[in-house]
Amino acid sequence: MKFVDEVSIHVKAGDGGNGLMSFRREKFIEKGGPNGGDGGDGGSIYLEADVNLNTLVDYRYTRRFDAQRGENGGSKDCTGAKGDDLVLPVPVGTTVIDANTQEIIGDLTEPGQRLMVAQGGWHGLGNTRFKSSTNRAPRQTTPGKPGEARDLKLELKVLADVGLLGLPNAGKSTFIRAVSAAKPKVADYPFTTLVPNLGVVSVGRYKSFVVADIPGLIEGAAEGAGLGIRFLKHLARTRILLHLVDMAPLDESDPADAAEVIVRELGRFSPALTERERWLVLNKMDQILDPAERDARKQAVIERLGWEGPVYVISALERDGTEALSQDIMRYLDERTLRLEEDPQYAEELAELDQRIEDEARARLQALDDARALRRSGLKNAGAADDDDFDDEEDDGDGPEIFYVP
């Protein structure tokens, strides 16, 4: 199934039913009085988190959803039936945004959680409601109120405990295959991974955590180059990041340079995301046969990054060191959960960090969307509205060229 993590939809709640003007008419009963009933309320629209879904592809082509209208009132004081509510299932981890105001309406992070996104219209009143001591035969009614209509943007962020960072071919997919039952595609060319992959890692008999593998980052990713920028947002809700570095690249490039690229692009995308707990994982060390060279490369990466956090040396292909790493991750997650329960200040600091990451990620992606809209309309920037040839060659010297992948 195709992975879709952003869609725009239009929702329209049902209108309320109209009130009825009616009078009682029976044999031998003169001037029976009003008996027009009220209309029914319009149906509302809800989004519900469904644990069985992992993509928004169902909303890629069907984008308009209307709830049922309330029925009109009937005679004999009969109230019209209420319109049926419409419940739209979405994956757990979906953020709902008002497309016009960019206001966050809600976040569906728990299975079964339900969020109203469009309120059904209020019912109209029948003429019975307007009877009084001075007006015994009212001819006044009210129509039903229109249902709420909204343009929504749905954003899916996968819910994972651990996120994998690295250049293409750093071994992220091989790592997730080594520690879980997930089987993402693995090949010896860049961008083998095109969409996020999730794997459940079992530690012992009763404990487990979820790992998210996103497409590799490249130089200029924060400005839109490559694939990774679209999926960096999925790391916003992870609890720990694993920075994988290919220590034996086929092109014989410097692993320290590759590590710097990831740190730099991560900071450009979201400075707050760099404050997330991050561990350095040096992969493919089994391909370096000389122990002295192995230690030298390891030390070069650590010194170049000024790294002071945990460092792990592994071979994802041979599964060497992966079990110890998984156990340490599980231990960290357990300790983190316990500290969140016991230390309110720590919990508050993490909540603030999470919010900053969400805000920065959304602002960066919105800026890229705006830039793409300008380019599609034939504008290279806001000050060059008269450029009709849509040629961006003069920009090539100022930074990376931006490629958009559908």
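Using the three backbone atoms N, Cα and C, a Cβ is placed for every residue, glycine included.
Cβ contacts within 10 Å of Gly166 (GTP binding site), excluding its own Cβ and spanning all protein chains shown: 25. Here Swiss-Prot flags 166-173, 191-195, 213-216, 283-286, 315-317 as GTP binding site.
What Swiss-Prot records for Ser173, Thr193 is Mg(2+) binding site.
Same-chain neighbours of the compositional bias 'Polar residues' (129-143): 16, 18-21, 23, 31, 33-34, 36, 38, counting only residues six or more beyond its ends whose CB sits under 8 Å from a CB of the stretch. What Swiss-Prot lists as compositional bias 'Polar residues' is 129-143.
The compositional bias 'Acidic residues' annotation in Swiss-Prot covers 385-399.
Per Swiss-Prot, domain 'Obg' is recorded for 1-159, and the stated evidence type is sequence analysis.
Averaged across the domain 'OBG-type G' (160-334), the predicted model reaches a pLDDT of 81. According to Swiss-Prot, the feature domain 'OBG-type G' maps to 160-334.
According to Swiss-Prot, the region 'Disordered' annotation covers 127-148 (among others).
The annotation region 'Disordered' is assigned in Swiss-Prot to 378-406 (among others).
All protein chains included, Asn169 (GTP binding site) registers 23 other Cβ atoms within 10 Å of its own Cβ. Calculated from their C-alpha atoms, the gap between Lys284 (GTP binding site) and Ser173 (Mg(2+) binding site) amounts to 13 Å. Candidate binding-site residues: Lys172, Lys284. Fewest other C-beta atoms within 10 angstroms, Lys284. Counting in whole angstrom, Gly166 (GTP binding site) lies 11 from Ser173 (Mg(2+) binding site) by their C-alpha atoms. Helix, strand and coil counts from DSSP across the region 'Disordered' (127-148) read 4 helix, 0 strand, 18 coil.
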